[in-house]
Amino acid sequence: MVLTPERLRRLALWWLVFLLPLLPLAWLVERALAMDLGADPAQAIVQFTGIWTLRLLFVTLAVTPLRLMFRWAWLQRYRRMFGLYTLFYAVVHLLAFATFILGWRPDLLLRELSERPYIIVGTLALLLLIPLGVTSTRGMQRRLGPKWAKLHRLVYLIALLAMLHFIWQIRSSFQEQLIYGLILAWLLGFRLWKRRRRSRGARRQTA
Amino acid sequence: MLIKKPDPIKASEITPEPIYRNRRLFMQGLAGSAALALSGGAAAIPAYDLDADAPRYPGPDWLQSKLRAGARNEALSTAEKPAPYVNVITHNNFYEFGTGKQDPSRKAQNFKTDPWSVEIAGEVDKPGTYALEDLLQPHGIEERIYRLRCVEAWSMVIPWMGFPLGDLLKRFGPTSRAKYVAFTTLLDPEQMPGQGGFFSTLDWPYVEGLRMDEAMHPLTLLAVGLYGNALPPQNGAPFRLVVPWKYGFKSIKSIVRIELTESMPVTTWNQTAPNEYGFYANVNPEVDHPRWSQATERRLPSSLFSPNIIDTKPFNGYGDQVASLYSGMDLRKWF
Ligand code: HEM
């Protein structure tokens, strides 16, 4: 295979996009090894991985609007990577919670998963992410055909559940939740707006 | 004031040997506070192994001598191991300085805690506003090592320096109508960035309260220090409440007003979310908060290898001393 400049550029971009989302985790591991996460490293890790799960979910959802607004066709290729990283961070988040906060005590796991509304919606969001991850390959995409797009619309529900999970944790300040909520409103609103424009255009054509 | 790390030059190189040895003994005894070491004297508080590079808070001069005269009240102290000093001063819920656990230790360092005055108001014979120094003048300070149980299901063991709230209240002559005590934290958005927020769900200033018999209970402490030094600003300097059988949010920090009242005071968290935070807020493993089970707690500092989960005890383990205050009350209803 010849490495043309174009192919080289693509390769470099792929590695960049592959490595960037690992940076937060690398930073976290470095802090943890340096024992620099304070008196409650468990909570620090759960909060950090939680917020990065949400951020990566938003990055995934931002691919389509950014691609359309700035005509960044190349971005589309990386959507799956961002989606899989969202799943990856969510799994780390859950494992950190189960390991560092609950110590895998079955009674505590059962209690948290059945009694805390915010944990239940978080778990639901994670569970729904799994089929999306499993069907993210090109082969699956081909095999499922039109059903694939329908299935992957679950990501909107996942985003709403994740946001609810976050909102239910408000204690004395809702600043962060408001900012993330506005971003999500834009990400979803953009799609609604596009759809309405599309359907209005279609109606005009049939009339 | 922050005292920096000890000088890299060995003290033995610049100080005559006997003085050096004396000082070293003293530093071992009194947390190595350089300011205290300069003033010399005997250590009344048992030795603490404080983290060498953590900041020290010697406090104003008038307080230093009081702190140094204090001894540990063994009878009212737990034998459990206190959390390391550095954890106690960097893991704080003090929303006036931000909602992150480390926000207060970052943002409160310039908080002005001296001079400080406190208003005593309401149903007392002698209301008035007093300089903290004068207010504390008749009271001897002692050390009490208490468990602190946060409503967020973590806990720490902390060596406080202080004196019983009851002793202070008695001096001002509570009237027969005094049924409750309300405490207020300083309101100063310039210094306390968390109070200025448009996004805050809390009404400032922070208010907490106790029933009169709770306030007069010998375990209820007004703290002015921890780990043998003055209170760091992030821990509620210069003057805070410590009620060890209640969730931590009852132990109000940086108090500027104490009012005795006839009716139950409206307290901050209770007003914000009455179904989550009761007025009493006694530690109770049988009544969960919607976000946190109260049946267990994580004793901090925890390491990643062991979450350090322990069973939470009724009244945070102080039931023998305080359960009688609530006899006949339905503690599920009055949570
Ligand atoms: C897609 C799935 C999920 C997303 C996007 C997500 C996101 C978040 C976010 C943004 C936070 C707040 C972090 C902060 O305060 O800065 C958080 C906290 C938390 N999450 Fe999740 N989460 C997810 C799934 C889960 C699951 C499955 C569990 C457990 C079963 C869980 C348990 C928690 C806990 C316990 C906290 C609170 C930590 C604390 O403040 O004490 N989350 N999560």
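A Cβ is built for glycine as well, from the same backbone N, Cα and C atoms used for every other residue.
In TrEMBL, annotation is done automatically, which means it is predicted and not curated.
The transmembrane segment annotation in TrEMBL covers A:44-70 (among others).
If you look up TrEMBL, you'll see A:49-162 marked as domain 'Ferric oxidoreductase'. Helix first, then strand, then coil: DSSP counts for the domain 'Ferric oxidoreductase' (A:49-162) stand at 102 helix, 0 strand, 12 coil.
Only residues 6 or more beyond the boundaries of the transmembrane segment (A:82-104), in the same chain, are considered here, and those with a CB under 8 A from a CB of the stretch are 21, 25, 41-43, 45-46, 49-50, 52-53, 56-57, 59-60, 63, 112, 123, 125-126, 129-130, 132-133, 136, 155. Per TrEMBL, transmembrane segment is recorded for A:82-104 (among others).
Annotated transmembrane segment per TrEMBL: A:116-134 (among others), in sequence order.
Long-range contacts of the transmembrane segment (A:154-171) within the same chain, counting only residues at least 6 positions beyond its ends with a Cβ under 8 Å from a Cβ of the stretch, are 50, 53-54, 57-58, 60-61, 83, 117-119, 121-122, 124-125, 128-129, 131-132, 177, 180-181, 184, 187-188, 191. Taken from TrEMBL, the feature transmembrane segment covers A:154-171 (among others).
Here TrEMBL flags A:177-193 (among others) as transmembrane segment.
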Contacting positions for the transmembrane segment (A:44-70) when only residues 6+ beyond its ends and CB under 8 Å are counted: 21, 24-25, 28, 31-32, 37-38, 76, 78-79, 82-83, 85-86, 89-90, 92-93, 96-97, 100-101, 155, 158-159, 162-163, 166, 180, 183-184, 186-188, 190-191, 194
